[in-house]
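Participant: Take this structure, written in structure tokens, and hold onto it; I'll ask about it next.
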């Protein structure tokens with residue numbers, strides 16, 4: 001008799017959506033259990049933190065910001081600075097209540113002030129603790145005491161730092177076999193910040209040899225720095241050793257500006273007759289010079305005078321301006337000369353509407369221009385009431401930005417002195433050419 005094998009039948013009614021639903025339910029259950037466990041753990045940790053108090057980590061405490069406190073005696077101008085101790089309980093001056101700020105070691109700062117305020121401890125403890133507090137109070141007073149002399153010294157240092165433009169370091173060497181002078185621009189130190197937004201500059205250095213002004217070179221621009229390091233060598237050929245005492249090195253330190261003319265930081269003059277040139281024959285000589293402002297030489301010499309002639313022609317509505325000459329101009333170069341020229345602006349209602357300029361007169365302090373310019377006055381105006389002239393006398397320079405020596409304003413609200421008298425005379429005397437000397441101002 002043959003036994004029949006058990007028959008296995010497939011379970012009917014179980015489909016794939018049912019299996020997916022069971023899996024999602026299990027996942028939701030696991031997430032709920034994890035959230036419940038995390039919540040219980042946090043509740044337990046907060047309960048332990050409240051129970052232990054000072055034993056909790058320092059990161060959960062809020063420290064009071066250190067404040068300056070006046071002397072409790074009221075007889076001195078000394079100041080104290082309270083701050084929690086990083087290694088132990090904080091100390092406070094006598095008569096001051098200690099802030100309840102726990103130290104990193106777990107002790108409370110209020111424990112020291114307790115015996116002093118309560119008066120329960122014996123006399124020896126009081127004397128010892130009061131002596132300790134007095135020593136701390138005296139030491140902090142000595143550290144934070146500003147005297148009159150120190151305040152005056154600080155003010156002087158601030159004034160000096162305002163006019164301090166930094167230093168330029170360079171090296172010199174001469175090679176006999178090549179008749180060449182080698183100048184190495186090494187670095188600049190402590191330059192002022194020409195970009196107030198970034199607190200830095202984009203400096204570079206220009207160099208030329210005076211008095212010829214023929215050899216002109218410049219370094220690369222270094223971005224966003226006040227202490228640039230260049231280490232660039234410049235070789236000037238065709239210079240005999242006997243010519244060195246007659247040569248002056250002229251360095252100009254500038255800050256690059258992408259959108260306008262580069263800002264001049266200052267300049268350095270190094271006359272080689274003040275240097276022991278015998279030392280640069282065999283080895284390199286390092287020199288350091290303080291950078292000087294460009295306007296220093298103008299302030300010490302004055303700005304000179306300008307002779308101009310004006311003629312008002314109301315019928316043609318024209319103003320003729322003749323720039324004749326200048327005198328007593330300041331020495332702008334080491335050679336004791338300047339390269340002056342004049343710019344003229346016509347202003348109508350305070351706005352510049354026309355510009356003219358003369359030719360450059362090389363190497364002279366008493367230039368003669370004799371150049372005439374005609375300006376057309378806008379129609380609709382009543383004479384020269386809304387018209388004014390502005391004269392700028394500049395020193396031309398191939399290497400740097402042309403520097404303004406002085407200016408003169410005729411007409412307008414800023415016109416005073418001889419310029420005002422000259423302007424009134426021109427307005428009241430039509431078709432007459434009237435000339436006069438005027439001092440140039442800053």
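Cβ coordinates are placed from backbone N, Cα and C, and glycine is handled just like the others.
Summarising the annotation, TrEMBL assigns transmembrane segment to 19-41. As annotated by TrEMBL, compositional bias 'Low complexity' applies to 82-95. The compositional bias 'Polar residues' feature in TrEMBL is assigned to 119-133. The feature compositional bias 'Basic and acidic residues' is assigned by TrEMBL to 141-155. According to TrEMBL, the feature domain 'C2' maps to 164-285, 302-438.
Set these features in their place in the structure for me.
Facilitator: DSSP assignment over the domain 'C2' (164-285) gives 13 helix, 59 strand, 50 coil.
When pLDDT is averaged over the domain 'C2' (302-438), the result is 90.
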Participant: Could you pull out which residues elsewhere in the chain have a CB under 8 Å from any CB of the transmembrane segment (19-41), counting only those six or more residues past its ends?
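Facilitator: Tertiary neighbours of the transmembrane segment (19-41) are none.
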